[in-house]
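Participant: Got a structure here, written out as structure tokens. Questions coming.
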Amino acid sequence: MATGGYRNGVQKPPNLRTSSSFKSKLPPSNTRRSTPASLAADSGRVRVAVRLRPRNAEELVADADFADCVELQPELKRLKLRKNNWDSDTYEFDEVLTEFASQKRVYEVVAKPVVESVLDGYNGTVMAYGQTGTGKTYTLGRLGDEDTSARGIMVRSMEDILANISPETDSISVSYLQLYMETIQDLLNPANDNISIVEDQKTGDVSLPGATVLEIRDQQSFVELLRLGEAHRIAANTKLNTESSRSHALLMVHVKRSVSGRDDEYPLETQNRSNLVGNLRPPMLRKGKLIVVDLAGSERIHKSGSEGHMLEEAKSINLSLSALGKCINALAENSSHVPVRDSKLTRLLKDSFGGTSRTSLVVTIGPSPRHRAETASTILFGQRAMKVENMLKIKEEFDYKSLSKRLEIEIDKLIAENERQQKVYENEIERIRLEAQKRVAEAERNYVEILEEEKMKCQMDYMESIKKLEEKWTANQQKHAINGEVQRGAVNEEVAELKTMLQNETRLRKAAEEEIQNLKTQLLQFSKMELAGGSTDDLSLPEVLGEESRQKKKLEEEVKVLRSQLAQLSIEANQARSYSDSGNSGNALLGLDCFTPLNHLRPRDGSNGERASITNLHEQVGLQKILSLLESEDANVRIHAVKVVANLAAEEANQEKIVEAGGLTSLLMLLRRYEDETIRRIAAGAIANLAMNESNQELIMAQGGICLLAMTAADAEDPQTLRMVAGAIANLCGNDKLQTRLRSEGGIKALLGMVRCRHPDVLSQVARGIANFAKCESRASSQGTREGRSLLIEDGALPWIVQNANNEASLIRRHVELALCHLAQHEVNAKDMISGGALWELVRISRDCSREDIRALARRTLTSSSTFQAEMRRLRIEV
Ligand code: ADP
Ligand code: MG
């Protein structure tokens, strides 16, 4: 039925643009991003193509003499419907598909744009309308088993969809249904034969929750599904005693696609938000639904050949179809009421016409003039449908599920990372803390050390200046005293004169005493000689003289023998010297190298050979004879003899014999009598060695040895002589019993006198003597056997001691340090020591001395003396 009024004119929908191609009128898939997805909408008129079936075998025969009822002008997209031989109505469609149109071309112009929209997230509908037998199923449902070029729109659509989705993120699911007599049956599960339509109250979306939904993974399974659906359809229709042409078939394809990544895929609002919160954009989920509808035949009932009860059925079949026509009419005329709810079909296709779907309709017609009326009705249906405007709307939503899943994974990762970082951070903090602690401790230590050093230095400086002040003060005191003395000068001069006179007297008396002693000795010798000569009272003087001269000759002979032996000894000694190494020969006559008692006197070039010779000699000649040679007139003989005796005295075993034989007396006599320095040196050395023995020490003392040693000490110039003398006195100083006498006979003064010789060997012996003396005194004091100030201090040793407390030579320093410590152990000495400046030295020793034991001794001594303590407090010195 053509709408009148356009006779010989083009029947044109008012808003149809004739020139636009079917395809070009589709909304471009990338021009809809200016508004949020949910609002995205586009105008989308229902597109309609007309397809003409070729004449079938029957028509070729039956209509052989008649022309087709339609004439197609595909290039003009026009169809002319013949009314009679001279008159026709012309209709314009979006696409006009001739009987030669291939299935591929039909798919591309009718369905492909819809499929593309579905892939973009729109709903899409492809529907075939037309009289039974005009090719609806051919167009939509051919599987193309034998001939792939015959594949219909369903198969090709799925091919396209599968080719354009990614199986990892996207999914396709399918339902296949049949609507017959207002009943929806599930073609995928025939038991499901009354599926109800559910409508979402808010959105108005319809769905079929009861329908089977199958996931599609590949084309093969889809084709199988279609085949299965078709089989079920035939079975169902046989059961219902009807034909498939009377039922509507609906294929529903749900395509879910996930869109992520590209910013321009997102609505602007989402982009802005995303920029603020970082990559928290949920992926977009696009849900397109494609519905392919193969409608029941549109022919009128009388033509379908239905009779009787079938009439009702036909009405019921066409209820849905006529409802669809009514809806489309209403939509085409912009009627306010669209009776969508009148049938199940219109409810199911609510979105396809007048909704948001992109919809393509293909109307199929046959060429036979016998069906002209049905063909015209089909064409008019298509023409009306072309006027239906849909508002395309993208079905897009945020995929919060997958976002939350992604975020959960992200959060878990971050938690783990955070925990790891936290641990690293804690470790780092701990490391820094320890490092800082270490550095602080180190700095503190350094600081304390520096402070201590600084303090020490300050104290020493302080001590130095106090010391100087004290010295100045003492000097001033002395000056004052001298001044006082000048005033008393006259009286003193008188006293001095008296003193000199007294001294002269004393000297005279001493000289007389010496003379008497001399005479006594001579007398003794004379009587000895008389006894040795077997003196008898009846021997006459001439006989005695003769005897004397014989004795003398004999002695001279012996002397000669001895000389030659001594010469021999000298040679041997030289040989021995060159034989032995320098370390051995380097020994001094007295090995006074430490603070232990004096070593044995050694021959200067001492060797076992020489000593053996000397032993031999003394055995051969007899000790007595050797000793007598000490008094020989001949100086050479005396020197050799004293050397021999000294060598013998170096051996402890000989010492007693020597003393018993009167050797000590002879040696002392040599000191007394002879001016010769060499003899005195060797004699002193021998005496020093003999003085190692305690009983010898007493003998030396008893025989006035100290006086003689003191005399020698006063006269001698040779440092070695002084060394021997000092060594001998030092040994005597170590005897507790001899302390007082030693001092009263001038021993200490003699020692101190020798410091005029600055030779370190001498000083070392002096220091040793002082240390020995101080030690004995200290011992006696602590035993309570002596009282009062140290005799050393009395005799004025303190200044020298203080001066040499820090002597460069370590041996001297050691002795002096010990002497100071011993002196300091007695409170009676403390005052003198303080005024003499010894306290400074003691403090220094307690701090600086390299020997730990001496350092400790000094410290102990200082802390145990209350006088020192008080002084140190006064001077603000700490030990
Ligand atoms: P409908 O589904 O509309 O009732 P069918 O698709 O069953 O019609 O087609 C009826 C017959 O016509 C079938 O035998 C079919 O093969 C044939 N046919 C339909 N369209 C064409 C076409 N375009 N070319 C060739 N044969 C066709
Ligand atoms: Mg069919």
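Any Cβ shown, glycine's included, is placed from N, Cα and C.
As annotated in TrEMBL:
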- Gly130, Gln131, Thr132, Gly133, Thr134, Gly135, Lys136, Thr137: ATP binding site (BINDING)
- 16-37: compositional bias 'Polar residues' (COMPBIAS)
- 1-40: region 'Disordered' (REGION)
- 621-663: repeat 'ARM' (REPEAT)
- 662-705: repeat 'ARM' (REPEAT)
Participant: Could you pull out which residues elsewhere in the chain have a CB under 8 Å from any CB of the repeat 'ARM' (662-705), counting only those six or more residues past its ends?
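Facilitator: Contacts of the repeat 'ARM' (662-705) (Cβ under 8 Å, skipping residues fewer than 6 from its ends): 521, 589-590, 597-598, 600-601, 623, 627, 630-631, 635, 638-639, 642-643, 645-646, 649-650, 652, 655-656, 711-712, 716-718, 720-721, 724-725, 727-728, 731-732, 735, 737-738, 741-742, 745.
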Participant: Does DSSP give Gly130 (ATP binding site) helix, strand or coil?
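Facilitator: Where Gly130 (ATP binding site) sits, the three-state DSSP reduction gives strand.
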Participant: So, three-state DSSP: helix, strand or coil for Lys136 (ATP binding site)?
Facilitator: helix
Participant: Cβ distance under 8 Å to Thr134 (ATP binding site), same chain, sequence separation 6 or more: which residues?
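Facilitator: Arg53, Thr364, Ile365, Gly366, Thr378 - these are the non-local Cβ neighbours of Thr134 (ATP binding site), listed in sequence order.
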Participant: Give me the sequence-ordered set of same-chain residues, not including Gly130, Gln131, Thr132, Gly133, Thr134, Gly135, Lys136, Thr137, with a C-beta within 8 angstroms of the centroid of the ATP site's C-beta atoms.
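Facilitator: Neighbours found: Arg53, Ala128, Tyr138, Ser245, Gly297, Thr364, Gly366.
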Participant: Out of Gly130, Gln131, Gly133, Thr134, Gly135, which binding-site residues have CB atoms lying under 6 Å from ligand 2?
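Facilitator: Close enough to ligand 2 is none of the binding-site residues.
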Participant: Taking Gly130, Gly133 as the binding-site residues to compare, which has the smallest set of other Cβ atoms within 10 Å?
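Facilitator: Result for the binding-site residues Gly130, Gly133: minimum number of other Cβ atoms within 10 Å at Gly133.
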Participant: For the binding-site residues Gln131, Thr132, Gly135, Thr137, which one has its C-beta crowded by the most other C-beta atoms within 10 angstroms?
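Facilitator: Highest number of other Cβ atoms within 10 Å: Gln131.
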Participant: Compute the average pLDDT of the predicted model within the repeat 'ARM' (662-705).
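Facilitator: Across the residues of the repeat 'ARM' (662-705) the model's pLDDT averages 86 on the 0 to 100 scale.
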Participant: With DSSP helix as H/G/I and strand as E/B, how many residues of the repeat 'ARM' (621-663) fall in helix, strand and coil?
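Facilitator: Summed by class, the stretch gives 33 helix, 0 strand, 10 coil.
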Participant: Using a Cβ cut-off under 8 Å and a sequence separation of 6 or more, which residues in the same chain sit near Lys136 (ATP binding site)?
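Facilitator: Counting only residues 6 or more apart in sequence, the Cβ neighbours of Lys136 (ATP binding site) under 8 Å are Ala128, Tyr129, Gly130, Asp294, Leu295, Gly297, Val362, Thr364.
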